[in-house]
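Asker: I'd like to ask some things about the structure below.
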Amino acid sequence: MSVSFALTESSLLQKNAYPADELMPLSCRGRVRGQEPNRGDIDESLGKFSLTLIDTLDTLVVLNKLDEFEDAVRKAVSDVRLDNDVVVSVFETNIRVLGGLLGAHVMADLLRQRGERMQWYQDELLHMAKELGHRLLPAFNTSSGLPYPKVNLRYGVLNPLSRTGTESDTCTACAGTMILEFAALSRLSGESVFEENARKALDVLWERRQRGSDLVGTVINIHNEEWVRRDSGVGAGIDSYYEYLMKAYILLGDNVFLDRFNVHYSAIMKYISQPPLLLNVHMHNPTVSVRSWMDSLLAFFPGLQVLRGDLKPAIETHEMLYQVTKQHKFLPEAFTTEFRVHWGQHLLRPEFAESTYYLYKATGDPYYLRVGQSIVEKLNAYARVPCGFAAVQDVRTGIHEDRMDSFFLAEMFKYLYLLFSEKSQLPIDIDEYIFTTEAHLLPVSLSTTKPSCQGNNTVRAEDLFSHSCPSMETLFPNNPSFAKTIRDVTSLRDLTFCPVGKRFLKTPLIEKVLSTIKCEWVMTKYDAHICFQDQKGVYHVKLVAEIKQTPEEEEVVPHVVQLISPPFLGRTVLTAGPAKFGMDLTKREHGASPYTACGEIVNAQELRGQIALALRGDCMFAAKARRLQEAGAVGVIFIDHHEGSNSEETPLFQMVGDGYATDDIRLPLVFLFSREGAVLTAALEEHQNVDVLLLPKERQLGHGEDQRPAHSSLLVGSSLVGAFLDVPPYFPDNVEKSVGMNIRLRLAKEEVGVEGPTLEFLLSEGEALVREEEQQQFCTESSGKDPPELCSTTASSQTLSSDGRLLPAP
């Protein structure tokens with residue numbers, strides 16, 4: 001990626017967006033909060049403080065564009081205000097704005113000390129950072145020390161004018177990703193209060209870990225410290241909590257952070273890591289996986305593993321992620337263990353590029369340069385638009401969103417530029433800095449600054465890397481063949497992974513096959529194989545499984561919302577997606593009626609007997625449905641918050657539950673994309689009361705026999721306000737499905753990989769057809785060949801009874 005490539009985006013931002021917070025790349029204008037349609041929680045990154053300008057200041061220094069950096073600093077100092085009457089995310093404001101101000105101050109101070117430029121600079125950015133820090137501090141005014149998730153920049157929290165303070169929950173990453181910026185601010189400003197509050201929040205999360213597993217959950221109550229969501233992984237909701245424990249040790253030199261990280265890391269590698277997969281588990285019962293999909297935010301984890309010096313699993317997981325990008329051009333926001341799209345949005349997230357950078361610097365393998373090149377090429381081919389780069393609404397369709405988050409310029413450009421740059425080409429010694437989660441640069445020399453406050457003690461988990469600061473020379477074999485060996489062994493290009501909870505079992509059918517070829521069963525943690533031994537040595541036959549759903553692609557039955565009251569009279573029909581829980585509308589028709597519905601339902605009496613209209617986001621579909629059902633609603637229509645989405649360009653999907661039993665939800669539920677939802681809300685605004693039907697598409701009125709399902713008036717609730725998270729909704733797939741298993745047996749000498757003939761057959765519970773395309777068995781007498789000869793047998797078909805016995809073919 002060339003410097004001019006990055007500077008093009010900087011100039012586009014200045015020309016089309018400044019002083020707005022973000023550039024809208026399709027509209028070629030700035031996104032100003034309140035002037036564009038509300039996107040809920042997504043907009044809480046925007047504080048009318050020129051977000052993208054501040055977030056990308058230190059990127060200009062890395063690119064060695066120092067004149068542009070100095071001009072941008074002048075703009076920030078003269079134009080940016082931090083006292084706006086606006087509610088913002090504490091987490092996003094900390095990592096993007098506070099981190100951006102601190103990183104830029106460190107760069108400006110360095111240039112000033114060199115005496116070549118910035119001689120006018122008098123720590124203005126540090127003063128701004130201190131002001132912002134004080135504006136974020138009210139969020140920590142809780143009994144637990146865990147911060148509120150939102151704060152008003154002018155009025156703080158709980159002030160009658162603040163419009164915040166009613167929140168009860170926050171994500172683990174939200175509370176645990178403050179220490180780098182807050183500690184740096186304390187040590188640069190001399191005010192200890194920032195570091196003290198960030199440390200206290202980390203103390204609470206550490207104390208509330210599940211002591212049996214040493215894992216943490218995803219969402220915690222900030223008042224009673226109880227876990228609200230107990231699923232545990234390394235992706236959305238938790239990711240940067242782990243990252244900041246490791247990096248806080250590097251930045252601050254305090255062993256307490258490393259000790260805690262090592263305890264958590266051991267638990268992650270024991271329960272969550274199933275190389276190359278990283279799957280969420282239940283924190284209280286970590287042997288139970290809670291979903292069969294992964295989210296794109298976990299792509300940072302291989303980079304964190306490189307920092308710890310654990311290179312092998314980092315290479316394996318990164319290679320798996322690379323195969324997903326090859327299949328879908330980008331990492332979808334969520335994807336299954338079979339590499340299928342679970343949620344197709346791609347927001348130009350930088351985490352995969354980040355891990356690619358770390359792996360290249362650790363191994364020196366040019367393979368990772370080629371991975372970086374593919375990232376650049378795909379961005380140019382599929383995301384570049386005349387006014388910048390646009391997020392992708394769905395990787396399956398390639399439709400763009402009018403959205404370019406500030407992290408794209410702050411992180412993606414930085415990591416890709418550093419990936420292709422030599423250290424001698426950079427204006428700074430990059431090894432003297434630690435990257436924050438937003439890729440801002442903080443000097444590791446802060447560890448020599450007198451600590452602003454004392455840390456507590458943690459029981460240590462000693463191992464090889466417990467107190468090592470990783471370096472390429474001592475921990476990483478800077479040998480390209482090392483990484484290649486691990487990638488080759490992983491063999492990801494030929495592997496389709498098992499769904500969660502499905503493991504190879506020594507069934508009677510497999511035993512039958514093994515006894516036929518006189519082999520011994522061997523089971524490891526992550527795969528299974530059989531082996532046999534003769535005078536020449538030990539040979540392995542590895543079982544490579546392809547697990548497919550039956551049918552391969554589960555059909556999504558289109559539903560509709562049909563407006564039947566005057567003046568519509570059934571002529572307005574909106575295509576809708578169904579849900580996997582709640583009332584089955586393919587068996588019953590039902591009338592239906594509204595919210596975000598993630599908090600107390602304030603107009604429950606108005607909703608009773610009506611169909612509830614609910615905006616997507618902020619909490620899970622099942623949680624909304626339960627609250628509205630308790631309020632007395634007779635059905636729910638969910639509307640997508642992604643502006644411009646529609647059923648013609650975006651594939652329908654089924655809303656899935658929250659990982660827990662959903663039998664208690666009896667409401668009929670459907671989902672409308674944004675454009676169809678706009679038709680419905682426009683009808684409501686004009687006619688106040690609109691009667692609608694919720695039913696399968698083929699059974700809509702006017703098609704086939706005249707059906708007269710019950711219906712009710714649809715009312716707009718008084719709390720129809722959007723609030724959305726910038727992370728994938730929680731969609732665990734807890735629905736049992738029949739599974740077909742294709743198992744190929746490949747003969748290979750141990751650790752050599754020589755391919756041999758294969759046996760292919762189909763297994764499933766109950767009766768199953770056995771297809772033996774190339775059944776062969778080992779000769780009982782020694783052939784003297786290496787590997788031993790295989791003797792042909794006659795192919796046959798058999799069935800497997802419910803008790804596992806082989807039955808003769810009919």
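Cβ coordinates come from backbone N, Cα and C, glycine included.
Annotations for this protein, taken from TrEMBL, read as follows:
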type	residues	note
ACT_SITE	GLU92	active site, proton donor
ACT_SITE	ASP239	active site
ACT_SITE	GLU333	active site, proton donor
ACT_SITE	GLU351	active site
BINDING	THR437	Ca(2+) binding site
DOMAIN	596-678	domain 'PA'
REGION	773-810	region 'Disordered'
COMPBIAS	791-802	compositional bias 'Polar residues'
Asker: Cα-Cα, whole number of Å: GLU351 (active site) versus GLU333 (active site, proton donor)?
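Answerer: If we compare the Cα positions of GLU351 (active site) and GLU333 (active site, proton donor), the gap is 12 Å.
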Asker: Cα of GLU333 (active site, proton donor) to Cα of THR437 (Ca(2+) binding site): how many Å, rounded?
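Answerer: So the alpha carbons of GLU333 (active site, proton donor) and THR437 (Ca(2+) binding site) sit roughly 18 Å from each other.
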Asker: If one measures from the C-alpha of the residue listed as 'Ca(2+) binding site' to the C-alpha of ASP239 (active site), what distance in angstrom results, rounded to a whole number?
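Answerer: About 10 Å separate the Cα atoms of these two residues.
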Asker: Please work out the number of neighbouring Cβ atoms within 10 Å of the Cβ of GLU351 (active site), leaving out its own Cβ.
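Answerer: If we count other Cβ atoms within 10 Å of GLU351 (active site), we arrive at 24.
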Asker: Could you give the mean pLDDT over the domain 'PA' (596-678), rounded to a whole number?
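Answerer: Its mean pLDDT is 79.
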Asker: Work out how many Å separate GLU92 (active site, proton donor) and ASP239 (active site) at their Cα atoms, rounded off.
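Answerer: ASP239 (active site) has its Cα 14 Å from the Cα of GLU92 (active site, proton donor).
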Asker: Identify, in sequence order, the residues in the chain of ASP239 (active site) that are 6 or more apart from it along the sequence and have a CB within less than 8 Å of its CB; answer 'none' if there are none.
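Answerer: Once residues fewer than 6 apart are set aside, ASP239 (active site) is near ALA173, LEU297, LEU298, PHE300, PHE301, THR437.
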